[in-house]
Each structure stands twice: as structure tokens, then as C-alpha cells.
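Trainee: This is the structure, below, for whatever I ask next.
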Amino acid sequence: MQSKHRKLLLRCLLVLPLILLVDYCGLLTHLHELNFERHFHYPLNDDTGSGSASSGLDKFAYLRVPSFTAEVPVDQPARLTMLIKSAVGNSRRREAIRRTWGYEGRFSDVHLRRVFLLGTAEDSEKDVAWESREHGDILQAEFTDAYFNNTLKTMLGMRWASDQFNRSEFYLFVDDDYYVSAKNVLKFLGRGRQSHQPELLFAGHVFQTSPLRHKFSKWYVSLEEYPFDRWPPYVTAGAFILSQKALRQLYAASVHLPLFRFDDVYLGIVALKAGISLQHCDDFRFHRPAYKGPDSYSSVIASHEFGDPEEMTRVWNECRSANYA
């Protein structure tokens with residue numbers, strides 16, 4: 001009898017870790033996912049389409065707004081406004097961007113605008129206050145600056161652009177660890193006043209992926225948070241371009257859609273709700289291409305993985321000298 005109990009216990013001890021491993025890897029979770037095509041709806045708790053949900057953006061106030069310098073005439077509508085998502089402590093990156101791809105006076109015949117989007121961090125508020133007075137390019141809202149508040153940061157930037165700076169023809173949203181060629185951005189848009197891009201433009205690197213159910217992942221998503229087996233198509237939030245009309249329609253649609261933890265997925269949901277198609281462009285590089293001199297970046301519009309401001313500055317200067325930036 002004792003022998004049978006021992007065998008049973010041994011089997012349990014062997015099977016239990018396997019069950020835990022299967023659960024931890026999300027294999028059981030996948031069995032309970034809902035088919036996206038048949039069941040997708042958002043907000044998750046509103047199947048009626050009553051519009052009673054809210055993004056909650058109206059609860060957040062701006063602490064600092066841009067007061068723009070005299071680098072370009074204030075009364076001239078911008079061809080392109082760059083809204084750069086930056087962490088409060090990344091002042092060196094912001095300074096490098098001001099001197100390189102974010103320089104508003106880069107082109108004599110094209111008006112550019114630059115705005116840095118920030119949350120708050122107690123130990124850096126004095127520095128941000130000085131930076132705002134010195135450069136006039138800070139849009140800071142009253143929320144904690146943290147990775148999973150990027151959706152909030154993006155949408156508060158979009159709210160400001162939609163409500164208070166809505167004369168720009170196009171808007172580039174981009175992270176502060178990117179290399180950008182403003183020249184290639186303008187080439188993509190069409191250099192003249194008549195753009196060859198659609199009136200409802202939402203462009204960047206488009207992904208079609210599924211939620212990660214691995215519980216050890218930073219990007220783990222539970223069924224309670226998102227029960228469907230794939231995401232809607234989305235543009236990676238590190239760098240994307242919106243036309244003025246697309247920005248206004250996206251923001252208007254977002255007002256009744258609760259924020260989601262991942263900003264790119266959230267924008268994909270909003271675009272789906274607003275009926276805005278996504279345009280894929282390979283020259284928005286999610287993974288950094290090997291830099292082998294300026295010619296290797298001749299067509300790059302934006303590239304991730306430039307967290308070192310000195311390196312970004314060097315690459316940008318070389319590409320500018322070769323007429324690629």
C-alpha cells in the first residue's frame with residue numbers, strides 16, 4: 001500500500017511541474033482565446049456600441065506647453081510637426097535631436113516644428129523647467145513618466161495637436177532613441193504643397209501579430225486584458241506619420257475608447273474603429289540596419305536603436321553631408 005502511495009506521489013511530482021510549465025508558457029491560455037475575425041470588439045465591456053466608455057484623457061492637465069522659438073516664423077503653418085516621445089531624464093538625447101534631425105531651421109523652404117512629449121519625474125522637474133524656458137519645445141502633462149504610460153503620452157500629444165496645433169499638414173510621432181532623416185520624410189510625403197499621399201495617411205512599419213501569452217514576458221497579456229487571438233494591424237509606435245485629417249479623426253475616435261497598455265496596439269484599435277487604413281513603409285526601420293557609411297542609410301526615414309546621442313549625431317552628420325538627411 002505504501003508503495004502505491006509513493007508511486008502516485010512521484011507521478012504527481014513529475015506531472016505538476018509539466019502542468020505549471022505549460023501554463024507559464026501560455027499554451028493553455030491559447031486554447032481559450034477568441035477568434036479575432038468573429039468576436040473582436042472594443043471596449044471589452046461594451047458590446048452595445050453605446051459609446052459610454054471613455055479614454056479618460058480629460059483628467060490630465062498640461063504643466064508646460066511649447067512657446068516656440070524664432071527659428072521659423074510662428075504664423076506660418078508647418079509642413080511637418082515632430083512630436084518626440086522622451087523620458088524626463090533623457091535631456092542629452094533631446095539636445096542632440098535639437099542639433100540634428102529636429103532642427104526647425106533645417107530647410108529654408110519647408111517649415112518644421114519640434115515638440116518633446118514628457119510626463120513627470122520628481123527629481124528632474126527643475127531641469128525640465130529650465131529646458132522649457134530655454135527652448136520652448138516642451139509639452140509636459142501631469143502623469144508619471146514610465147514605459148507603460150506611453151499610450152497616455154502619445155494620446156496627450158495627439159490631443160494637444162488636435163486641439164491647439166492643428167494647422168500642420170503632417171505629424172511625425174517618434175521616440176527619442178531614433179535616427180530620423182527629415183529629408184527622406186519630406187520625400188515620402190511629396191516635397192510640394194500637393195502631397196501624393198492619401199488625405200487619411202497613417203504610415204509606418206505595419207505589424208500583424210498576436211498577443212504574447214508567455215507569463216515570463218515583459219509584454220505578457222492576460223485573457224482578461226485582451227481575449228482575442230491576434231491584434232488588429234498596427235503601426236509600431238516608435239515612428240509613424242499622420243496627416244492632419246487622420247490625426248483629427250484618430251483623436252476623435254479615441255475619446256470613447258479606454259486606453260490600452262501598448263500604444264501601438266491601441267492606435268491600431270483606434271484606426272480600425274475610425275476606418276483608417278494603415279500604410280506600410282519598409283524605410284521606417286523597427287530593427288536598426290547595419291550602418292556602413294551614408295550610402296547604407298540613403299533611403300532610411302527613421303531607425304530604432306539609436307539610444308547613444310553621440311552616435312546618432314555622428315551618423316546623422318555623415319548622412320547630411322552625403323545629402324541623405
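These residue numbers are counts, starting from 1, taken along the chain as shown.
Just so it is clear, glycine is given a Cβ too, placed from its N, Cα and C backbone atoms.
Relevant sequence annotations retrieved from Swiss-Prot are reproduced here:
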TOPO_DOM  1-7  topological domain 'Cytoplasmic'
TRANSMEM  8-28  transmembrane segment
TOPO_DOM  29-325  topological domain 'Lumenal'
CARBOHYD  Asn149  N-linked glycosylation site
CARBOHYD  Asn166  N-linked glycosylation site
Trainee: C-alpha of Asn149 (N-linked glycosylation site) to C-alpha of Asn166 (N-linked glycosylation site): distance in Å?
Mentor: 24
Trainee: In the predicted model, what is the mean pLDDT computed over the topological domain 'Lumenal' (29-325)?
Mentor: 92
Trainee: 10 Å Cβ neighbour count around Asn166 (N-linked glycosylation site)?
Mentor: 15
Trainee: Among all protein chains shown, how many Cβ atoms are found within 10 Å of the Cβ of Asn149 (N-linked glycosylation site), not counting that one?
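Mentor: Asn149 (N-linked glycosylation site) is surrounded by 17 other Cβ atoms within 10 Å.
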Trainee: Using DSSP reduced to three states, classify Asn166 (N-linked glycosylation site) as helix, strand or coil.
Mentor: coil
